[in-house]
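In what follows, a single structure is set out as structure tokens and then discussed.
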């Protein structure tokens, strides 16, 4: 499929909207009530520090809603205001935050059912309104909805769209897209649908396996077994790893994406030499500014003298998970929670250790003075962070 031609056609359709409805003022009070926090504003004004009795809270200097998330949520609210009685569907969670998605359900926004990773669009009819979430949607989903006569409201983050443009450039120039991301993540699924030939690598270890194969150090059968579900149809590592372009899922760890880019540049330089390098390697900066800011703020926060760190965000949120990884890399006691209700009145916390199931830890707050660092993923409202802080205040108010 010529994805660029399809997008041009879709963008000119009267049933496609990616700019909202000019109703920002009408929904502003609803958004403020649901997601903003005067307490968080006060803490920001106080140097990101709150002192309350024996509790000191230190906030990261960049956390919570990014502008892409704010835009997507606002557009969803505007959509319901603009279509007060129509059936409205959304192809996935608008963002990875349970409270925000629950608010949409309360507004009678319907979620497309998926089973085994396959979405069932049979429920969607001609004239229905369908919201595409901040992560985007695959080009095949867009085509299906367009052909079905739906009103498409596209809240895809512009940073995600930028990555789509990048992999389309790779395709046009007959380069294979190496996508640093999680194979089953909605954003990576969408990005790969706009690519031609592609291979998804999760981390630096997987990237090294690919680099080794390029340099003749791998076994084809083992390689294909490892990446069978992470590559385009009919992928041939002997042919398709000769010309590479690097892109990424925008919420991945910035430092790792950069290292993967440098790894493949060195690999292609070693194989083809400096004169031929540009014929075999392309690199574009597809790292989201907001992701980078939150990760840098986290690196600063973990340099503070902290007793523990609370990371707030959906358990399926990639950018939140990477914030947790930063805390772990510094050896700081850290707890990833998705809602304030994970903190119990008995000083227990139900959290998700990295790569593990939920776990309840008792007496997680120590006696005496306690310094708690707090950050949150790009899909977490300030109001949720406020409620977490209030829980900590209640537990330390002896």
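Note: Cβ is positioned from N, Cα and C throughout, glycine not excepted.
Note that the structure is a prediction, hence the values are computed from the model and not measured.
Marked as active site, proton donor by Swiss-Prot: 187. All protein chains considered, the CB of residue 187 (active site, proton donor) has 27 other CB atoms within 10 Å. When secondary structure is read from DSSP and collapsed to three states, residue 187 (active site, proton donor) falls in the helix class.
Under the DSSP three-state reduction, residue 157 ([4Fe-4S] cluster binding site) is assigned to coil, being neither helix nor strand. Note: residue 157 ([4Fe-4S] cluster binding site) has non-local neighbours 68, 69, 71, 72, 134, 135, 136, 250, 288, i.e. same-chain residues 6+ apart with C-beta under 8 A of its own C-beta. The [4Fe-4S] cluster binding site annotation in Swiss-Prot covers 66, 157, 288.
The isopentenyl diphosphate binding site feature in Swiss-Prot is assigned to 96, 185, 317, 318, 319, 379. All protein chains shown were included, and the count of other CB atoms within 10 Å of the CB of residue 319 (isopentenyl diphosphate binding site) stands at 26. Residue 319 (isopentenyl diphosphate binding site) carries a helical DSSP state (H, G or I).
Among the features that Swiss-Prot reports, (2E)-4-hydroxy-3-methylbut-2-enyl diphosphate binding site is placed at 96, 185, 250, 317, 318, 319, 379, with the record citing sequence analysis. Reduced to three states, the DSSP call for residue 250 ((2E)-4-hydroxy-3-methylbut-2-enyl diphosphate binding site) is coil.
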Original post:
Where residue 317 (isopentenyl diphosphate binding site) and residue 187 (active site, proton donor) are concerned, what is their Cα separation in Å, rounded?
Top reply: 11
**OP:** Give the sequence-ordered set of same-chain residues, not counting 66, 157, 288, with Cβ within 8 Å of the centre of the Cβ atoms defining the [4Fe-4S] cluster site.
**Re:** 67, 68, 69, 134, 158, 159, 160, 250, 251, 289, 290, 291, 378
Subject >> Most Cβ neighbours inside 10 Å, all chains, among the binding-site residues 250, 317, 379 >> reply: 379
Subject >> Distance [Cα-Cα, Å, rounded] between residue 185 (isopentenyl diphosphate binding site) and residue 66 ([4Fe-4S] cluster binding site) >> reply: 19
**OP:** Which residue among the binding-site residues 96, 185 has the fewest other Cβ atoms within 10 Å of its Cβ, if you could check?
**Re:** 185
**OP:** Starting from the Cβ of residue 66 ([4Fe-4S] cluster binding site), draw a 10 Å sphere and report how many other Cβ atoms land inside it.
**Re:** 26
